[in-house]
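Notes follow once the structure below has been shown.
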Amino acid sequence: MSQVLGKPQPQDEDDAEEEEEEDELVGLADYGDGPDSSDADPDSGTEEGVLDFSDPFSTEVKPRILLMGLRRSGKSSIQKVVFHKMSPNETLFLESTNKICREDVSNSSFVNFQIWDFPGQIDFFDPTFDYEMIFRGTGALIFVIDSQDDYMEALARLHLTVTRAYKVNTDINFEVFIHKVDGLSDDHKIETQRDIHQRANDDLADAGLEKIHLSFYLTSIYDHSIFEAFSKVVQKLIPQLPTLENLLNIFISNSGIEKAFLFDVVSKIYIATDSTPVDMQTYELCCDMIDVVIDISCIYGLKEDGAGTPYDKESTAIIKLNNTTVLYLKEVTKFLALVCFVREESFERKGLIDYNFHCFRKAIHEVFEVRMKVVKSRKVQNRLQKKKRATPNGTPRVLL
């Protein structure tokens with residue numbers, strides 16, 4: 001396997017003006033024998049504030065993800081491996097969580113949400129515990145079950161948690177991670193998932209709650225299954241997901257690409273992919289490619305004094321596999337990357353792919369520019385509402 005990393009050369013001004021005038025994707029039938037188009041981005045003059053997704057959002061518009069489960073089920077290990085790049089072997093030394101740990105996943109990545117890690121022994125249904133406040137602002141509830149332990153108690157706790165949460169907020173996505181499956185055989189994995197699925201849904205049916213939908217995932221921190229499961233959880237919280245999938249479908253159909261992922265490079269969560277099925281091996285190759293690009297860029301991409309960033313708007317990578325497949329990575333935004341699977345014969349039309357990528361990249365920026373405007377508008381409305389509450393009838397409230 002050969003690896004090529006590099007940054008494209010700046011584009012001539014005349015070429016940039018021509019691309020500025022044409023913003024439609026070019027189909028394979030329209031491809032000519034002219035020179036390859038450059039990788040340079042004509043939109044480099046766009047305001048950085050629009051593209052910088054590290055701006056922390058208010059809690060009113062940021063989804064909340066709850067991590068729940070019994071003690072030693074692996075909740076904290078999942079959080080550390082996915083969002084803190086901790087080695088799975090190091091999680092063996094993590095202490096049990098004895099209080100609710102809240103973390104913002106927003107200042108280092110495009111993916112914006114809060115994670116609340118609940119200790120297994122806490123009774124959050126205690127009368128002194130405001131569980132309604134917690135569930136009211138929740139987008140997804142992840143319940144972690146240790147597949148290598150007796151899970152009858154976990155299923156009882158799952159049923160209690162889901163029924164209480166559903167009464168408060170019917171819009172919560174309920175996700176069940178059947179965790180630590182790395183120690184099980186393939187047959188045992190399937191049997192365990194079937195048994196947990198059957199028992200959990202039977203309990204809901206007996207309680208007359210057939211409307212509640214539970215999603216089940218087989219996960220382990222020792223492979224990429226936990227990243228794929230978290231990707232699917234986060235995707236449900238992204239309102240722009242149908243638009244992103246549609247853009248990816250248009251891009252690959254016009255560029256001769258077999259598969260494309262839109263990755264968050266910090267967490268290796270893919271926030272969108274095209275409509276073709278996701279193969280686990282394909283996803284693992286994408287994750288490995290991102291690691292290679294970031295690691296090599298950290299070594300060779302920084303200045304002698306350590307200044308600069310290992311990943312920027314000119315970042316690109318090409319990895320040719322020994323099965324005539326090419327992996328192609330391109331920067332989309334500050335924390336987003338597009339990873340494509342292309343056949344070698346299709347990659348000969350690199351100019352077409354790069355031009356269509358420019359159109360795709362511009363569309364992504366426009367989608368999230370609208371998103372930023374909506375968020376800012378909500379912030380302004382919240383401030384106005386607070387001011388109205390603070391000054392009833394035009395008289396400032398005096399705090400005693």
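Note: Cβ is positioned from N, Cα and C throughout, glycine not excepted.
These numbers come from a predicted model, not from an experiment.
According to Swiss-Prot, the features are:
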REGION    1-54  region 'Disordered'
COMPBIAS  11-25  compositional bias 'Acidic residues'
COMPBIAS  36-50  compositional bias 'Acidic residues'
BINDING   Arg71, Arg72, Ser73, Gly74, Lys75, Ser76, Ser77, Thr91, Thr97, Gly120, His179, Lys180, Asp182, Ile221  GTP binding site
BINDING   Arg72, Ser73, Gly74, Lys75, Ser76, Ser77, Thr91, Glu95, Thr97, His179, Lys180, Asp182, Ser220, Ile221  GDP binding site
Of the binding-site residues listed as Thr91, Lys180, Ser220, the one whose CA lies nearest the CA of Ser77 (GTP binding site): Thr91
Arg72, Gly74, Ser76, Thr91, Ser220 filtered to the binding-site residues whose C-alpha is within 10 Å of Asp182 (GTP binding site): Ser220
Euclidean distance between Cα atoms of His179 (GTP binding site) and Arg72 (GDP binding site), Å: 11
Ser73 (GTP binding site) to Lys180 (GDP binding site) - Cα separation in whole Å: 8
Cβ contacts of Ser220 (GDP binding site) (under 8 Å, same chain, 6 or more positions away): His179, Lys180, Val181, Asp182, Ile226
Inter-residue Cα distance where the pair is Thr91 (GDP binding site) and Thr97 (GTP binding site), in Å: 13
His179 (GTP binding site) in three-state DSSP notation: strand
Which same-chain residues, if any, lie at least 6 apart from Ser76 (GDP binding site) yet have Cβ under 8 Å of it: Thr91, Leu94, Ser96, Thr97, Cys101, Asp117
Proximal but sequence-remote residues of the same chain as Arg71 (GTP binding site) (Cβ under 8 Å, at least 6 apart): Ser96, Pro119, Gly120, Gln121
Cβ neighbour count within 10 Å of Ser73 (GTP binding site): 24
Which same-chain residues, if any, lie at least 6 apart from Gly74 (GDP binding site) yet have Cβ under 8 Å of it: Val144, Asp146, His179, Lys180, Ile221
